[in-house]
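A single structure is presented below for examination.
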Amino acid sequence: MDTLALTGGKALLPDGTVETADVLVDREGGTIAAVGGDIDGVNEATETIDTTGCVVIPGLVNAHTHVSMTLLRGYADDTPLETWLREEIWPVEAALTPDDIEIGAELGAVEMIRSGTTTFADMYFSEDRVASVVDRAGMRALLGHGAVTIGKDEAAARADIEESVTVAAELDGAADGRIRTAVMPHSLTTVGERYLREAVEGAADIDVPIHLHANETVDEVDPIVEERGIRPMEYAEGIGALAEGNFFAHGVHLDATEIDLLAESGTSIVHCPASNMKLASGMAPVQDLLDVGVTVALGTDGAASNNDLDLFDEMRDAAMVGKIAAGDAAAVPAESVLRMATAAGADALGLPGGRIAEGEAADLAVVDLDAPHLTPAHDVISHLVYAVRGSDVRDTICNGRVLMRDRELTTLDPDRVMERASAAAADLIARAEGDT
Ligand SMILES: N[C@@H](CCSC[C@H]1O[C@@H](n2cnc3c(=O)[nH]cnc32)[C@H](O)[C@@H]1O)C(=O)O
Ligand SMILES: [Zn+2]
């Protein structure tokens, strides 16, 4: 067997404990062959990574982003969601080319691999270009074309929804099966009811989930309540959008009935704490969701509302804002947050990964604990959420393949990617501002 052995360090196990353990990876199958002490085959491994002084964790799952928005990082800050989207972001996005999307996705991939993220869910356009980056980068992803129908005539609206379904059908299974897809109507307010219904039907036809933005701001909830006399999740239920396998971003303004609807239907929520704070959207009731068994994953949202794609940052933010929201320092504890960024992320997306156990996908990150800000090591779980930074990740492995070894990327060239991204971003802004 062609194997990779991670030896001498600790590992974060699915029960939420950190134990001294080696991890043996079957590189051909892309899976974990064994975990523990004294594993057969470790000494004969084809390749070995010494993890002494490190903890091996599941590769992190960024369950909601718009990866190519890395090109807009820091371009439009300190503005509320509605104005931010309509006046700042959408005009620039109108000038984005497929080449921009590809280079933005490469930049995002470099950033994610360097900070231990192996898997992400992306809602954007020109997703075929994002798919080619995922393929080259060696990552795992769930991709979808974000469709908006508000402000469009019927033909254009229908075409955008149809594109979302077509893209999902075409890209599903790409990159040797590491890419899966979803139909992605942008949100319950930017897509009209009949088009939402078409998206739900289209997704069912090709057997992929639905992903959308839901209950992100009060301004998004109120119009639905005023117009229909029901809460957004009741509206979503009526449309048939609440179902096992579907996953919604944000879920900030949810009442108790809506939380129950999510739990009963098996619909997951992707919590995006940094974006929610930066756009002053509000505080998601994360502990309440966890209490009733809703699968809560973690996402960065786009780099323009975060402003990075580092899930360690996001974990810390989730723990912090979860406590404030609940008015209880015991709420959203470190072990819950770690689960959100790993196993729950994989579950929400319906993708492999998220657990270090025999037979699971070999999606892993090696975190170097030998640093002043991680000393003393009373509690590695606490450190992973409250003190580790993305830059503490030393090695990243996805599907059994090493994507970063000793902080050197093996599939992408960061210097070249950054240079091209800076040039593309400057060009994009010049074009967008020249047009207005
Ligand atoms: N086909 C659509 C694009 C939708 S992609 C997804 C969209 O979500 C936007 N977006 C990014 N962050 C957020 C957020 O927090 N809430 C809502 N939308 C967001 C992003 O800028 C992008 O326009 C069109 O033609 O405009
Ligand atoms: Zn978003």
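Backbone N, Cα and C define each Cβ position, glycine as well.
Under the heading domain 'Amidohydrolase-related', TrEMBL lists 55-402. The Zn(2+) binding site feature in TrEMBL is assigned to H64, H66, H213, D301. The substrate binding site annotation in TrEMBL covers E93, H186, E216, D301.
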Can you tell me how many other Cβ atoms are located within 10 Å of the Cβ belonging to E93 (substrate binding site)?
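There are 21 of them.
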Cα distance, H64 (Zn(2+) binding site) to H186 (substrate binding site), nearest Å?
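Computed Cα spacing between H186 (substrate binding site) and H64 (Zn(2+) binding site) is 12 Å.
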Residues other than H64, H66, H213, D301 within 8 Å, Cβ to Cβ centroid, of the Zn(2+) site?
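After dropping the recorded site residues, what remains is T65, M123, A249, H250, V270, C272, S275, G299, G302.
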For a quick check of understanding: among the binding-site residues H64, H66, H186, H213, which residue's Cβ has the most other Cβ atoms within 10 Å?
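Max Cβ neighbours within 10 Å, all protein chains included: H64.
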Work through the binding-site residues one by one (H64, H66, H213, D301) and name whichever has its CA nearest to the CA of E93 (substrate binding site).
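Smallest Cα separation from E93 (substrate binding site) among H64, H66, H213, D301: H66.
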Distance between H64 (Zn(2+) binding site) and E216 (substrate binding site) at the Cα atoms, whole Å?
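Cα to Cα, H64 (Zn(2+) binding site) and E216 (substrate binding site) are separated by 13 Å.
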Take the C-alpha atoms of E216 (substrate binding site) and H66 (Zn(2+) binding site) and report the distance between them in angstrom, rounded.
16
Cβ under 6 Å from ligand 1: which of the binding-site residues H64, E93, H213, D301 qualify?
E93, H213, D301
